[in-house]
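Since the structure comes first, as structure tokens, the remarks are kept for the end.
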Amino acid sequence: MTTVLEPRHSLEEFELSSIPQSQLQSGQQTPASSAPLTALASPEALQRAIHDNVTVQELAPLDGGIRAWTFCFCSFVLEMFIWGFCFSYGIFQDYYTTHPPFNTASSISIAAVGTIAMALQYAEAFSLTCLFGRYPDWMNFGMWTGLVLYFLSIFCASFATHVWQLIMLQGVVFGIAGGLLYVPTIKLMPEWFSARRGLAGGIIFAGGGVGGFIFPFALNALLDKVGLRWGLRIWSIVSTSCCAFALLGIRPRLPVPKFNAGQRRPRFIPPHLGFAKNPLYWGLSLALLLQGFSYFPVSLYIASFTRALSDPLTATIVLSVFNASAVAGQIVLGHLSDRFPYPWIMFTSAVISGLVAFLLWGLAYAPTQLYFFAIIFGALNGGFSSTWYNAAFDCAKGKPEHTGIAIASTALFKGVSAVVGPVISGILLDAGRGSSMGGVFGREGYGAVEIFVGTCAFATGAVSLFIASTKRRAGLNFA
């Protein structure tokens with residue numbers, strides 16, 4: 001018999017959860033509330049457990065301690081290099097459309113490179129979470145495999161001469177690699193954080209914003225000094241080295257089950273999830289879909305709109321400010337969602353985002369308005385995702401072992417918005433290119449795109465009210 005030693009509020013208090021050795025080896029998950037021998041005990045109880053030939057394993061502290069924050073920091077680094085690189089694709093898109101050999105290709109095919117990479121990472125989250133749930137002993141191997149694919153996708157893209165090659169390498173292979181690298185952080189985060197899961201999730205998600213702020217300048221400098229080929233090669237080596245360092249800190253808090261030949265593994269999709277019957281789950285999924293419709297078009301077109309009004313340097317600065325604002329938004333909104341009801345954080349974020357989309361972006365005629373728009377919209381709409389962990393925890397009915405699956409399954413809707421949102425915006429932009437609405441709203445033909453973004457943000461706010469109502473009727477108040 002193996003006993004897991006759970007640190008409590010002091011060194012003198014322990015929670016002893018007795019788990020049969022056969023259950024650990026079979027990989028079955030034990031709900032936190034169903035341990036057969038659970039007690040708050042003094043060191044004397046620990047001595048009795050040892051005297052009874054029980055193997056005792058001490059767990060790292062929950063919600064704090066060097067190992068928990070190391071996991072958080074390393075997850076932040078991975079998020080920065082995976083999603084920050086995706087959020088900086090606008091730099092590559094501008095380069096590909098203006099430099100041979102890709103400048104003769106259609107703008108839609110060039111935009112598809114970044115869109116496919118982002119969409120794949122969202123879409124594969126659910127299947128990978130279920131896969132690592134059934135094969136938890138493969139998760140570490142999967143992350144290192146993802147790192148190899150990450151390197152190859154960027155390095156080999158430096159030899160591409162056709163857009164379809166970029167789509168396969170910088171799009172498909174990078175998307176698969178990114179999922180293998182970041183999905184384990186989603187699955188493991190509930191093991192490390194409970195009361196501070198909003199703050200920890202906000203810090204991790206903020207990595208994408210930090211990368212989105214820094215990388216456009218770094219990538220621009222590489223493209224200007226050494227060109228596309230060597231720029232991609234240098235980036236692949238440096239970023240892979242940093243990600244390899246970060247992987248060393250991505251470790252589970254709970255023991256990883258060991259399986260012998262012939263032993264039964266957990267089901268691919270755990271039973272009794274009940275997501276399909278939970279209106280809160282569908283409300284969260286719809287909110288993420290609509291929020292993605294409002295966010296991704298801005299992240300894709302804010303630089304090109306700014307360049308149309310000003311110059312390329314200003315466009316790079318506005319894009320960086322937009323991504324940097326998301327960093328502060330992720331951390332602040334994540335912390336607030338731990339302290340206040342998250343549906344109201346979602347509602348406030350969405351409504352103000354819609355207002356600034358109409359009033360600041362829609363009426364913009366100079367870079368000054370775009371700076372304010374990038375700060376406000378980037379912080380509030382970009383920080384929206386930090387409420388995701390707490391909302392998914394409620395969707396999982398307060399079960400940490402199912403929270404990762406709830407996040408991963410709702411990520412499918414985020415992936416749909418990452419593909420469909422930019423496509424709709426591209427169609428709207430082509431239809432109104434070169435014109436404005438009344439000479440004031442929607443300059444450079446972006447009026448329909450701005451209306452689409454603002455409307456989707458307001459719709460997200462409406463769904464947030466539905467989530468608040470559903471949560472209140474269900475009486476959800478999990479610790």
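Each residue, glycine too, has its Cβ placed from N, Cα and C.
All annotation found in TrEMBL is predicted automatically rather than curated by experts.
If you look up TrEMBL, you'll see 280-479 marked as domain 'Major facilitator superfamily (MFS) profile'.
Taken from TrEMBL, the feature transmembrane segment covers 68-92 (among others).
The transmembrane segment annotation in TrEMBL covers 104-126 (among others).
Using a Cβ-Cβ cut-off under 8 Å and counting only residues 6 or more beyond its ends in the same chain, the transmembrane segment (138-160) has close neighbours at 82, 128, 131-132, 166, 169-170, 173-174, 176-181, 184, 187, 228-233, 235-237, 239-240, 243-244, 247, 250, 252, 256. Here TrEMBL flags 138-160 (among others) as transmembrane segment.
Tertiary proximity for the transmembrane segment (166-186) is limited to same-chain residues at least six positions away from its ends with a CB under 8 Å from its CB atoms, namely 71, 75, 78-79, 82-83, 85-86, 92, 96, 102, 109-110, 112-121, 124-125, 128-129, 132, 139, 142-143, 145-150, 152-154, 156-157, 160, 204, 243, 247, 250, 404, 407-408. Positions annotated as transmembrane segment by TrEMBL: 166-186 (among others).
Remote same-chain partners of the transmembrane segment (198-218), defined as residues 6 or more beyond its termini with a Cβ less than 8 Å from a stretch Cβ, comprise 68, 72, 75-88, 90-91, 185, 189, 192, 299, 316, 319-338, 342, 378, 382-383, 385-390. The transmembrane segment annotation in TrEMBL covers 198-218 (among others).
Summarising the annotation, TrEMBL assigns transmembrane segment to 230-250 (among others). Packing against the transmembrane segment (230-250) from elsewhere in the chain are residues 70-71, 73-75, 77-78, 81, 85, 143-144, 147, 150-151, 154-155, 157-158, 181, 184-185, 188, 219, 222-223: each is 6 or more residues past its ends and has a CB under 8 Å from a CB in it.
Residues annotated as transmembrane segment in TrEMBL: 280-303 (among others). Sequence-distant contacts of the transmembrane segment (280-303), counting only residues of its own chain at least 6 positions beyond either end whose CB sits under 8 Å from a CB of the stretch, comprise 87, 90-91, 93-94, 111, 114, 118, 212, 315-316, 318-319, 322-323, 346, 350, 353-354, 357, 361, 370, 374, 377, 381-382, 384, 388, 391-392, 394-395, 406, 409-414, 416-418, 420-422, 424-425, 429, 446, 449, 452-454, 456-457, 459-460, 463-464, 466-467, 470-471, 474, 476.
Taken from TrEMBL, the feature transmembrane segment applies to 315-333 (among others). Within the chain, the transmembrane segment (315-333) has long-range Cβ neighbours (under 8 A, six or more residues past its boundaries) at 84, 87-88, 90-91, 199, 202-203, 205-206, 208-214, 216-217, 220, 298-299, 302-304, 306-307, 345, 349, 367, 370-371, 374-387.
Taken from TrEMBL, the feature transmembrane segment applies to 345-364 (among others).
For 370-393 (among others), the entry in TrEMBL reads transmembrane segment.
The annotation transmembrane segment is assigned in TrEMBL to 405-428 (among others).
For 448-468 (among others), the entry in TrEMBL reads transmembrane segment. Tertiary neighbourhood of the transmembrane segment (448-468): same-chain residues 280, 283-284, 286-287, 290-291, 293-294, 297-298, 301, 341, 343-344, 346-347, 350-351, 353-355, 357-358, 361-362, 381, 384, 391, 421, 424-425, 428-429, 431-432, 441-442, selected by CB-CB distance under 8 Å and a gap of 6+ residues from either end.
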Maximum Cβ pairs under 8 Å to the transmembrane segment (104-126) - stretch from the list 68-92, 345-364, 405-428: 405-428
Residues of the parent chain within Cβ reach of the transmembrane segment (345-364), under 8 Å, 6 or more residues beyond its termini: 287, 291, 294, 298, 305, 309, 329, 333, 336-337, 370, 372-373, 376-377, 380-381, 383-384, 387, 391, 440-443, 446-447, 450-451, 453-458, 460-461, 464-465, 467-468
